[in-house]
């Protein structure tokens, strides 16, 4: 896989070098730090689109939630969008301020009405979101230690897994009726369409709709790569051995076995990497402010985590071939606004489909990676708000919850790992020839 990517002026070799020598070692270290390893998620939300068709009972599908006693005090004490020590200590002040605000509307309001006002405020906030966020206050939301529940091949496959991806591609990617070939690259072609007319059609789409398809395809490719790289190779005497499965990798990505589809999927992975890389370089000013602490309660660790994160941001800014998102939604204002909203709602729907995944571990990592991408998109479309952030106080114009920050970093960490694993598979394939 070599050469320049479509829709951006960047070549694959430059991304490989940049990722291997600059990003990958640092993002690995960052993901191991307490602030980024604990992710609060609700794995019990019902599927909103079809009747639950059975839970995966294979033991590797299971997710072990983290006992409360293990969660750093600064993380479990903070409310969802607090990241600084000051914010964690100002709960009473906030409650008081909230009461004053509601009181200013009408002091005779019932508690029910006050709740409604808070919900409306939350609804206004959600207008920027590309993802359906889990309610962290739900009794079903639990902290998970991502390091103890790694993403790998669990054995979850068949009609249930197929249905999830099929719904993502067929119902949420933009597609005209004249294209008969299923968008899902795993689907068998219908009729005589070998897929080329599909790609001719894709190239004819406007940039935004083409980008949407590539993001989903890139995410799918990345997840498949993780499964191939961390595959259950054998289980002897109850001791499982996990590692790279070259045969599985070839089945999913080899040009001959996939009728030329494999390299396209991998190019979309690189494209997705560029999109999330761009988001990290754009969000740097948000974290550079002194008000942001990455607070866990351990001052020394928090300072180190922030220093490492800012170091990664410096690297992302130094990359010289970024994707230019200004070319998106750049048409007439009305058309651009409606297209952006359509784009946002399609992606939000995909984040809801993650609640239909029957394997808990796949659901955990699916939710985290779609939320990470949704956060990246939110950042890319909030450039003005980020540039006008106040230095010493939380902003009303642009805000990230801790959940979004953890998802953003871990999702990009997964893409960085995918590109690193791709280098490993290149070596393994040369050895088997």
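Quick reminder: no glycine exception, Cβ is built from N, Cα and C everywhere.
In TrEMBL, annotation is done automatically, which means it is predicted and not curated.
Now, the feature entries from TrEMBL:
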DISULFID  56-61  disulfide bond
DISULFID  96-131  disulfide bond
BINDING   152, 154, 165, 217, 220, 252  FAD binding site
ACT_SITE  359  active site, nucleophile
DISULFID  359-362  disulfide bond
ACT_SITE  362  active site
Query = Hey, of the binding-site residues listed (154, 217), which one tops the CB count within 10 A?
reply = 217
Among 131, 165 [recorded positions], residue with fewest other Cβ within 10 Å = 165
Note = Between the two most distant Cα atoms of the FAD-binding residues 152, 154, 165, 217, 220, 252, the distance in Å is 21
Remark   = Between the recorded positions 61, 359, 362, the one whose Cβ has the fewest other Cβ atoms within 10 Å is 61
Inquiry  = At a 10 A cut-off on CB-CB distances, which of the binding-site residues 152, 252 has the highest count?
reply    = 252
Query = Within 10 Å of residue 362 (disulfide bond) (Cα-Cα), which of the recorded positions 61, 131, 154, 220, 252?
reply = 61, 154
Ask   = When the Cα-Cα distance from residue 165 (FAD binding site) is computed for each of the recorded positions 56, 61, 131, 359, which gives the smallest value?
value = 359
Remark   = Row residue 56 (disulfide bond), column other C-beta within 10 angstroms, all chains, value 22
Task = Check the Cα-Cα distances from residue 56 (disulfide bond) to the binding-site residues 152, 220, 252 and tell me which is shortest.
result = 152
Task = Would you mind reading off the Cα separation of residue 61 (disulfide bond) from residue 152 (FAD binding site), to the nearest angstrom?
result = 9
Key: Spatial neighbours of residue 359 (active site, nucleophile) among the recorded positions 131, 152, 154, 217, 220 [C-alpha, 10 Å]   = 154
